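All remarks here apply to the structure that follows.
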Amino acid sequence: MGGLKMPPQTLLSIHGGRRPFTAPFSKPTFTIQPNYTSAISTGFTTRNVAHFSPSILPCGYFILRGVREMRSGARSTPVQPVTEELVEDKTNENPVSGDAIRRRFLEFYASRSHKVLPSASLVPDDPTVLLTIAGMLQFKPIFLGKAPREVPRATTAQRCIRTNDVENVGRTSRHHTFFEMLGNFSFGDYFKKEAIKWAWEISTKEFGLPADRLWVSVYEDDDDAFEIWHDEVGVPVERIKRMGEEDNFWTSGATGPCGPCSELYYDFHPERGYKDTDLGDDSRFIEFYNLVFMQYNKMDDGSLEPLKQKNIDTGLGLERLARILQKVPNNYETDLIYPIIEKAAELANVSYALANDQTKTSLKIIGDHLRAIVYLISDGVLPSNIGRGYVVRRLIRRAVRTGRLLGVKGDGEEGAFLPAIAAKVIELSTDIDPDLKASEHRILDELQKEELRFVQTLERGEKLLDQMLAEALLNAKKTGALPCLSGKNAFLLYDTFGFPVEITTEVAEERGVKIDMDGFEVEMENQRRQSQAAHNVVKLSVENGGDPAENVRDTEFLGYDTLSARAVVESLLVNGKPVIQVSEGREVEILLNKTPFYAESGGQIGDHGFLYVTEDQSKHTAVVEIKDVQKSLGSVFVHKGSIREGVLEVGREVEAAVDAKLRQRAKVHHTATHLLQSALKKVIGQETSQAGSLVAFDRLRFDFNFHRPLLDSELEEIENMINGWIGNGTLLQTKVMSLTDAKEAGAIAMFGEKYGEQVRVVEVPGVSMELCGGTHVSSTSEIRAFKIISEQGIASGIRRIEAVAGEAFIEYINARDSQMKLLCSTLKVKAEEVTTRVDNLLEELRMARNEISALRAKAAVYKASIIASKAFSVGTSKSIRVLVESMDDFDADALKSAAEYLMHALQDPAAIILGSCPDEGKVSLVAAFTPGVVDLGVLAGKFIGPIAKLCGGGGGGRPNFAQAGGRKPENLPSALEKARTDLISILTEKAS
């Protein structure tokens, strides 16, 4: 549990002879006690720590009682301080290792009534950011007052990704794409004074940093923070710097929580004194702890609105503090990253300690990027050309190119090397994310495939880029302009050869060439329009009135027990804006205080149905048809529909009625999805995992990680297994329990879902057990039957199964039966004879086509024999027969036969160009040159290409024979005339 334990002799060797890690100061304030049970952190006192429930869950760094993920809407329990042993014995742990620093930070704040929570996924539940960029992101709804706080205080070790400074990775001592942010958070509890005092205490007492080496920055207008640092903590005025908005006003993104911040800096060179001090001087200072005093919410228009409650969000960079405590020159040489660098150096057959600066930089890039890549893939982000997938692909390809330049070798001469380095990342992950090991096979397999795929095009792309850069430099020399690679060429490298534009830019800059990024963006725009994923985000925003959800409680869901209920309309929105009433014919979004309608989540689509406003318990005065239900802000259900009759008003009581038949279809498909996942694990292996799902009324769709298509026998086995479970009529069991207990019981978490402390577990005894908030059948017999209708690949390493069950199965079979009956009637055979009859028809069709082709070839040869007389001679020393003619509507094969006949008929030397328009919008061309023409250096393959371009196409082939095509038949006459003129000119010159 102590992570990477590195004895002094090991540290001495891996750092090139430097002295081993020790406590960095002459008089450390901590001592490792022989018995750790009495000295939780400082070595001197027994602390009061937060009392948690007795269930146990690995939280990513140690086993802590009661560590569970927090979810908005769950009930909170008071935190009672009691004296209790917090972790297992860490007597032999290196007190300044990265793992120990993480653990000690969490213990420090746990002893101050902070609840330790696990790291959130790198894929955030927030549409304003692509990836998790800060520790506070999972708490954003709480900070905004849109979700209730579960505890007043929390502390986390959050995995983060930032790629905006990727070009600085490896070049500076502190920039990373992947890093860990240790944080303590207050949700309307304590504020500046406590945050500042605790930050000082953990820095100077817990970790033993000398007070005279710590500097502080505050926002220029934040007098409160300045006074606390100076008057109460005792930091001298000369070591407190007021800084502007760019440095000391923190935001989580384009929108969201923000506020003034205060930062702690460590001074590596206090001997330089106080004069003209610049905290941005990386050679002297490193910022390691940032305290955000969250007071505002930044809106879309950039304005600031005060938050309902003042909050604290802090971030301490684990890698940065490890650098300070381990006394190494940069973050990369800490025990968090160095073993990864060492593995890369081993594969490159170089010594990091003896390497030059450029080689060290390259090794650092690989070490950094592999951490980011492994954790992103683990969290379900796969390489692609858009969104998060593009981030992974860009990092993988940057690491591959960097490694190849270093001479890193993998398995075999052209093997992949990233998996070997990724395995070291996973080995070091025990205290960060214990679950990473379970995904090792999937991660390494995905890395290998992506690397080999890139290598296949890398060499061709590198040659092309080298060509392009040489041309850009040559053109610049001729014109006197600055060398620039066109945006069109940069896009060609990106789109065809998979070169991220950042890599193209780096290589170009190495050669002194700039990239036309404006041109590149123009080329990208069409692709963005086509591939940009649609976001299904419900924005509850209003003008000049705040957010209506602020006045709407979480929706009470009644749909597990009933399909109809009385409810009150709490809010109405039209085009995202709140209204008091909506009349007939209008589309509307409706918020109710309670509902039987299921809102889309966990892959299951939202219920359909109706809302009725009644008078005298009988007459409907308004009818609303509901076609979709979505969740917003955690647990607010948004019913989307249209007013069919009457007028609907805020405050009205309605009868909410779910379409029972459609709900049953969804239940059937959802339970069938659980059975499908269990069957897949049994048939193709337990390592397969869900990568997405859809539970609809007419079908189910299940995406999963697997490296190859499933065999027909495997699909049949899966179907038989599921139908067997259906026939058993097993009663489902649904329980609500703690997340910890559910995981210990073996429940599987569904892809993309976030879970609170209390979770719903759906079990088919003996078959499956999953955490699931969806609706399900009572017995597997309700599913009736299950049929797979397709299995296909949708992305690298991702397969997709579509299937039907229940009523949808019957509809599918009936439709197939009708089609078969029609086929039998048309072919006049029995059902069992259809295959034989179709095979016979296909054979007859093939023979008929061959006969037609032969007849066309004969007709073409006949036509050729007629036009052969139109051949003319060119050249003086050598007479060459030339024929350039149109062959009407003959196809490419017939054209080829005609050209072959003419080469024989005209004899050597001869040059023949034939063209035709076989179909509407289609051009065929052929060039046939005898050996005597080829010997003159006139090549058919090169000659026909420019001619085909005139017809809107292209082509090529061998020196003596080439074919081409085009899409502009109207240009064929002029193209043939061009071919005739060019042939005469070239052959006259060559044969004179």
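Just so you know, glycine gets a Cβ as well, placed from its N, Cα and C.
TrEMBL does not curate its annotations; it predicts them automatically.
As written in TrEMBL, here are the features:
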DOMAIN    96-815  domain 'Alanyl-transfer RNA synthetases family profile'
BINDING   HIS670, HIS674, CYS772, HIS776  Zn(2+) binding site
COILED    824-865  coiled coil
By a simple count, how many Cβ atoms lie within 10 Å of the Cβ of CYS772 (Zn(2+) binding site), its own Cβ left out?
27
Does anything in the same chain, at least 6 positions from HIS670 (Zn(2+) binding site), have a Cβ under 8 Å from its Cβ, and if so what?
GLY603, GLN604, VAL695, LEU700, CYS772, GLY774, THR775, HIS776
Which residues does HIS674 (Zn(2+) binding site) neighbour through Cβ under 8 Å, counting only same-chain ones at least six apart?
VAL762, VAL764, VAL767, SER768, GLU770, CYS772, HIS776
Local confidence of the prediction over the coiled coil (824-865), expressed as mean pLDDT:
91
Over all shown protein chains, what is the count of other CB atoms within 10 A of the CB belonging to HIS776 (Zn(2+) binding site)?
25
I want the residues beyond HIS670, HIS674, CYS772, HIS776 whose C-beta is within 8 angstroms of the mean position of the Zn(2+) site's C-beta atoms, in chain order.
LYS667, THR671, THR673, VAL695, VAL762, GLU770, GLY774, THR775
